[in-house]
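Reading through the structure tokens given below for one structure.
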């Protein structure tokens, strides 16, 4: 008897396993492996961003039953923002079926993945960050620095300062100090500030803060002597609140400090307390939970108790909203690819095509319930950034509020520098840039796989 | 000296047992693993394991054998990696093995300079002074843009691994490449520690005055230990950057990495070559096992952050418990286990 | 005062005041090193744990005094536990093993702190207005003055404690000569326990002051890196040395960043203190206040 029982049970197990297997093959699924970081020094950003991303995927699944019936799934691996852990998670999760795209939100991990994802033909999304020259999709077919790369960010900040002064020509003779994190990330925009300073006739002083940036007395004393009109904060982690505190200590007004995209979250200002009141920072997505898509996430996802944030108060925070926007862009890219390749599980390469045809104008953004949350995007084969607009938000001690229009960075000035850099990369790696016009013509041919 | 001659005598007396063990390991590593391994095994476990083992081996020469504590190992890894990158960029005609040796020499030169304070300082004073190296190197790599070939983001990607037309570009190739480098350097390190120079290292560690009395040139020995150790660590840095991550950025070679290497040496066993491998195995594999175990027990949907924190606590506890139970390291534990087995025979 | 001179004074004062903050962290190391020869790398984690516990309690509505006392209790318990569970079993092990053990302890504390209180960043307001005071054209931070006063008070209390109490005298006896102290019947474990408690309290004070400056978050544990050059310069075993070296390191760091930075490149603060301390030691191996010869040739 026992043997029979065991045999019966094992047959049953095998049967269900088979069922699950065929089930998985039938019910289409699109997978998002997540190299998240929920502990360590940057945990606050990680929980917000990945929380928002998961919340949006959850919303699509529960509200719409997936994208055209294709369920969205995800799995997480903790990286603590360390590159080698990111690589380990990549190797661990890359064999999961139906991977749509990777979204590491870490410059270091993204760099280590470029070779790997290019070989494996899966898109790598580096929203708001990443390698500037990967904007050139002709050389980096699988890398997408969506919405904003570091150069555009620089240009956006300068345009904003000009608007505060009353026009680009008013920048002449002004002094701008850039306080940057002592790392490759911090230094990346040095030449761009120099370039724009020359172009518009303002004076720029770039001052380095050594990592981690918990002491900035000397830098701010230098700033005090310099008496700049504005200080741009290109910070990271603990450097941001310390900068604001030290600014207060040396008598520099917070409303003349403008933060970059990694200095723009609640986590950057809350520790500075009173000193942060009036501080302004760039963003690609407004914060706040009043947008319809956030309302739906709150109602549908958190109402059902499946929300990803441990603290509901963080719904609508900067990183959470970045995660939501990232979710929208990923889902819409999958949708765009499905239009062409069919409503089924897509390969990474097909999703890449979707990202290269990710066109969300203001009307479409509004239809997605994100009017005012972000402006628009228009990704093409050659432009993987997608002409994202930026806006500026001011901290009032409790929340951020938008204080500018949507500003378009000066892409035309930046593009030649980007192309020169990507050409160097192509040469170093023996790559021939793609011919986008030819590919576009080919993809207009009758759809395949339907 | 008496204490150190005992293990040496043992190796001399029983060369066959050791040789058989090493031969078996090499057969496994070269013959069997490449046949059955998966890309995950190579990329996420074996290649980092080999690179870290080599770094720990290098540090062990300095700390375990010559008794000089260093907290700046990852700076030498960084120097090796960046030197190799620049050599292959600017002198592309050099064969890869030559590039690697030259990169190791660059690290060794820096190690020589870093060793100078050791002539006057000892213990934690020396350890903290090696931190100066750690932070200074990080600053230099960040300061001079030509070091990263003026790449705007400062992150550079490694050149392909090709020796004499033979490509080691896929995961298995990079594993075999690392394995060969590590095996060669381990053999050289073994020759070193069994040589008179190696014995003078140990003499300096055990008692400087006594070493001087028996004719060891203490200053020269210390500097030599720094240089040789930095050479090995520098080559480990090349493996880390070229074979494992395939990108180089200064942030990857931070203080945490230096501590990690020191952990490996201590846990593996100071003053033993196999300790570096045992320690690296534990430090690389244990966190993976813990996270797999956690995920298996608690399910995929469990909050990965909470899991990671439990893991951190578990890892810290294990380290402490281990230091209490087995201060001489895994190597000693292994020896005891082997002796028990022998007695059981 | 000419503007240049005023600026120099301002940099110097700023440096000295920052130096006090470094010394505050360094004292925690000194207390433990002096009696047990352990370089306690978990000091940073203890600092983080103290600040995080305090701020989490106040955010849950516990009044300042209550939170302070509760955190103090937690730190005392933590210090005792570390001493009992980790250091005592490791007695007579080489210093490097003890050092690694404290690194392990740091892992455990960091993990436990974040597990218990979450990974959120917090602001910590000690109620000190931090607008600068203008003294003859030189801006001085109120908060830094307050921190300096607290540090001074703490050193005074510690000095009094070591000079006039039995435990304090015993502590000094152990620091001077552990074997002789044992022979006279002093109970070492009890003194070790007292020292770990004291370093827990120092961690709390330093954690609150640094937490108010940086915000309470994971990076708080990195302030130990600022304390290490202070230790090298002042000696691992001298409280007075830590204070004086802290002042020197703070001043050197700021002056060189401001005046040397433009010539060799900015951001040198990360290592200049180490190099300065090292250079000083090479010239004068006995250090600032040293008669110590144990760890140096």
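Just so it is clear, glycine is given a Cβ too, placed from its N, Cα and C backbone atoms.
What TrEMBL lists as transmembrane segment is C:6-31 (among others).
According to TrEMBL, the feature transmembrane segment maps to C:38-58 (among others).
Residues or ranges marked as transmembrane segment by TrEMBL: C:64-86 (among others). Using a Cβ-Cβ cut-off under 8 Å and counting only residues 6 or more beyond its ends in the same chain, the transmembrane segment (C:64-86) has close neighbours at 42, 46, 49-50, 53-54, 57-58, 101-102, 104-105, 109, 189, 192-193, 195-201, 203-204.
Per TrEMBL, transmembrane segment is recorded for C:98-117 (among others). Under 8 Å from some Cβ of the transmembrane segment (C:98-117) lie the Cβ atoms of residues 36-42, 44-46, 48-49, 52-53, 56, 78, 82, 86-87, 90, 218, 221, all in the same chain and six or more residues away from its ends.
Here TrEMBL flags C:145-162 (among others) as transmembrane segment.
Residues 21, 24-25, 27-28, 31-32, 34-36, 40, 43, 46-51, 54, 68, 71-72, 75-76, 78-80, 82-84, 87-88, 124, 126, 147, 150, 154, 158, 167, 170-171, 174, 220, 223 of the same chain, all 6+ positions outside the transmembrane segment (C:191-210), place their C-beta atoms under 8 angstroms from a C-beta of that stretch. The transmembrane segment feature in TrEMBL is assigned to C:191-210 (among others).
Sequence annotations record features per position, and here TrEMBL assigns transmembrane segment to C:230-252 (among others).
If you look up TrEMBL, you'll see C:259-283 (among others) marked as transmembrane segment.
Most Cβ pairs within less than 8 Å of the transmembrane segment (C:230-252), among stretches C:6-31, C:38-58, C:145-162, belong to C:6-31. Through the fold, the transmembrane segment (C:6-31) approaches residues 39-40, 43-44, 46-47, 136-141, 144-145, 147-148, 150-152, 154-155, 158, 195, 198-199, 202-203, 205-206, 209-210, 213, 223-224, 226-227, 230-231, 234, 236-239, 241-243, 245-255, 258-259 of its own chain, all at least 6 residues removed from its boundaries and within a Cβ separation under 8 Å.
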